[in-house]
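Accompanying notes for the structure given below.
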Ligand SMILES: O[C@H]1[C@H](O)[C@@H](O)[C@H](O)[C@@H](O)[C@@H]1O
Ligand code: NA
């Protein structure tokens, strides 16, 4: 056994010149991929920019699913949870495997058939009225702030702070600027391809670090044996603080006295997870961009397989970090912890950064910095994009129906700023949360807000009888209950390990996973009761909008309407992605409404300087030749139904793979159960 090296004073704490070189190479690579995909895709049309989307094959879709999902919060959080409490939290990742498959096989066919672009839009179509859509839009934005943006920024900052010893807020501002720069330079059109590159970098870096940490700890068996003894030298006397859990290597833990009770994992974990993978814009948007349903399923499969890895490449190294740097990572005395990492609650979230700085040679540290930035940026760009889409499309437009494209574009940008500011303000709460386990913070907040939404989507998709009133009141009641619990959680923080638990009984005795189960049930009851007590939706109201009606024959009139609607949505998304498409004339992009006017505005663009057209190109605003009648800008009405068709051979391949993937998942879950 190798003796655990205590952090020697001479150990490197900042980056070397080689590291900086590696970082620069990384940025150039991402830029190159960005440019390459800008040349590849024609972004000037709906078909080009967004539906270029609709031309994605399985591998970029899968990689992008993974990259958007795994953020810096996961690297820091999963490793931190591993260090603090063993492998339990990996259940979230493996649960996600099942959900991403569910998306491809069950939910996506319905979304494709309904021809929607945003998820609140689906609710609007399915239930009619506006209030459910509005409610959902506002809620999504809150969830993004509380569980995604602030968390990823905080995690990225923790890492940079440890690596470069910078102030955490300075680090946040820096990260944000880098992300903004990347969004402009790489272009949003390139997001999916750059995501693929980011995935490759994340995997390469994480696997290298995994190798180093296993070698250092002395291999697999050493990890299993030494973890239980990773007890810090300073502890609060007569307490269990700082002692590793007995069930550290089990996922399914005691239903009453553990940190992740197993019955809660079954339903309580699946409901928020279903929100994340099957009904949230950030993820679903990626699958919608696939060329065919088979490719979307292939993407789900790739994403699913990739999600096996964080266990080995992030969580186990986090546990190794506790073994190697026990006194720091597992510190159990508030005073001491505060000295070590600035957080009296604990320092387990520093596990990953610690490994990077102590174990890796110069050069590889730079690579890991790139990995962290890749993880962060690949999540933030998708979240920013989806949230500004939702804000402008589902909220702003409802209140200002005559808003110009120009206005929408400005609003979308400003809104991202607001999001960022609010998220930064939220960081102290994230920092102080949940026994210092970032991952548990993310998941418990998710638990209070997401289950009601999942229930609405499940019932909307699979129970034709669900109506608007049921859905709306289900959401209202479910979220009120959820918010109460969330508030209580902030008012009464979880006690430190040596403190008496004197919180109200709902907090003390009802684990958040059990709460999630109850919340889902309450919402279900409300939706069902209210729906049954009120009028049944007419068949034409739910045509193409549920599992059972997804294959309904197309009724020309209604369908043309829906295609037009989604094209309008796409147009706004495009206009948001323009970085400098200020030209007023040029902002008229309604190919389906008025082709003539459109082509005349195009010719006026033509008269602009070369510089301008270069800029336009950069932003995906290529001009079309005058009079060129581009049939693809106005998709044929049958398209959205046709796209449910799959080639039999491909279908067999993806289905066979589904079985393999499910078996692999069942095996690993069983093995670590
Ligand atoms: O990566 C996980 C994902 O696999 C889960 O399904 C989701 O519920 C979590 O919030 C997310 O962090
Ligand atoms: Na990411």
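Glycine too: its Cβ is placed from the backbone N, Cα and C atoms.
Any TrEMBL annotation is an automated prediction that lacks curation.
Lifted from TrEMBL, the feature list:
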COMPBIAS  583-598  compositional bias 'Basic and acidic residues'
REGION    580-607  region 'Disordered'
TRANSMEM  20-39  transmembrane segment
TRANSMEM  59-90  transmembrane segment
TRANSMEM  134-162  transmembrane segment
TRANSMEM  200-223  transmembrane segment
TRANSMEM  260-278  transmembrane segment
TRANSMEM  299-320  transmembrane segment
TRANSMEM  366-385  transmembrane segment
TRANSMEM  406-427  transmembrane segment
TRANSMEM  439-463  transmembrane segment
TRANSMEM  470-492  transmembrane segment
TRANSMEM  512-533  transmembrane segment
TRANSMEM  653-672  transmembrane segment
Criterion met for the transmembrane segment (406-427) and the transmembrane segment (134-162) (at least three Cβ pairs under 8 Å): yes
Stretch-level contact, the transmembrane segment (59-90) and the transmembrane segment (20-39), CB cutoff 8 A, at least 3 pairs: no
Sequence-remote partners of the transmembrane segment (134-162) [C-beta within less than 8 Å, at least six residues beyond its ends]: 71-73, 75-77, 119-120, 123, 168-169, 171-172, 174-176, 280-282, 349-350, 352-354, 356-357, 369, 372-373, 375-376, 379-380, 383, 386-387, 390-391, 394-395, 398, 419-420, 422-424, 426-427, 429-431, 438, 441-442, 445-446, 449-450, 453, 472, 475-476, 479
The transmembrane segment (439-463) touching the transmembrane segment (200-223) per 3+ Cβ pairs under 8 Å rule: no
Closest-packing stretch to the transmembrane segment (260-278), where packing means Cβ pairs under 8 Å, from 20-39, 299-320, 439-463, 512-533, 653-672: 512-533
Highest-contact recorded stretch vs the transmembrane segment (299-320), from 20-39, 439-463, 653-672, CB pairs under 8 Å: 653-672
